[in-house]
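Participant: Dumping the structure here so I can ask a few things about it.
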């Protein structure tokens, strides 16, 4: 099946051949954030057409999100010219293939079950591109030192528009992140009421991450920043409520203390920290936090009174247990032998 050429060789791209299955869908309009699933094979332009990478050999197709700053952006251009079910071969010159070794390294490490990033390398991305170091694969090292034109054979398997799949928070725009926060908040609350605390923590955590990603672009302590901070604190405290149910008391103390240090007027933070202190026998700290709750919100008197009654009972039981242990020790006469 003949289709119009994508580009001339003067653009550094040349489409060589195409195969479209009879059941192929028509061309798609690729919006930003469209998810594309495809197989790829990368080959050198030598007489043997040496294969560098082949996703079918690995057994897992590739997925990219259009407009999400994928390093090898030429693939977005090529895939956007294709139909589902189509297999197409493209020749690309070094203008477009220079970063391929870096992309290939990440894909290979993922396929091997390794972290795709070398975290011990702390230079910036552009510096890494030009400062030579081994990529860990001889063929990629050669391509890195001497970039070459490459053939890309692509098979488009699936196209999902932004509304057709649940995007992870990293793939959202700031506007979309803020829209998804109340949805995640509601889902977390529902899971909490159902007693599914672990699942609820994931919803609250994802919502906080969305907020923090947006907040980093605002000036600290300005009104927009403070609004986001209040939202994040509310969700973090909900997260802490789940942790209390999961008996993760020290983590509750850590998160609530962070909030209190920044915002010493948040009643719920003192209350949850007081309950966590109570569970780990920090009597003085628990009483201090509950006292602070009453100072900030006298309306919490009934709840605090109930918690203090539980604390008093537990401490009396513990003290009695300690007295009994001490008594047992002092009443035991040592046998020195003769």
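Our numbering is plain: 1 for the first residue shown, then up by one each step along the chain.
Even glycines carry a Cβ here, placed using N, Cα and C.
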Participant: TrEMBL lists coiled coil for one of the ranges 269-300, 301-332; which is that range?
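Facilitator: It is 301-332 that TrEMBL describes as coiled coil.
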Participant: Over the repeat 'TPR' (267-300), what is the model's average pLDDT?
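Facilitator: Average per-residue pLDDT within the repeat 'TPR' (267-300): 97.
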Participant: Counting by DSSP secondary structure, give me helix, strand and coil numbers for the domain 'AIP/AIPL N-terminal FKBP-type PPIase' (34-158).
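Facilitator: Breakdown, helix to coil: 40 helix, 34 strand, 51 coil.
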Participant: Under an 8 Å Cβ to Cβ limit, what residues of the same chain, 6 or more beyond the ends of the repeat 'TPR' (267-300), are close to it?
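Facilitator: The answer is 233, 237, 240-241, 244, 247, 249-250, 252-253, 256-257, 259-260, 307-308, 310-311, 314-315, 318.
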Participant: With Cβ-Cβ distances below 8 Å as the criterion, list the same-chain residues six or more beyond the ends of the coiled coil (301-332) that contact it, or say none.
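Facilitator: Distant contacts of the coiled coil (301-332): 271, 274-275, 278, 281, 283, 286-287, 290, 293-294.
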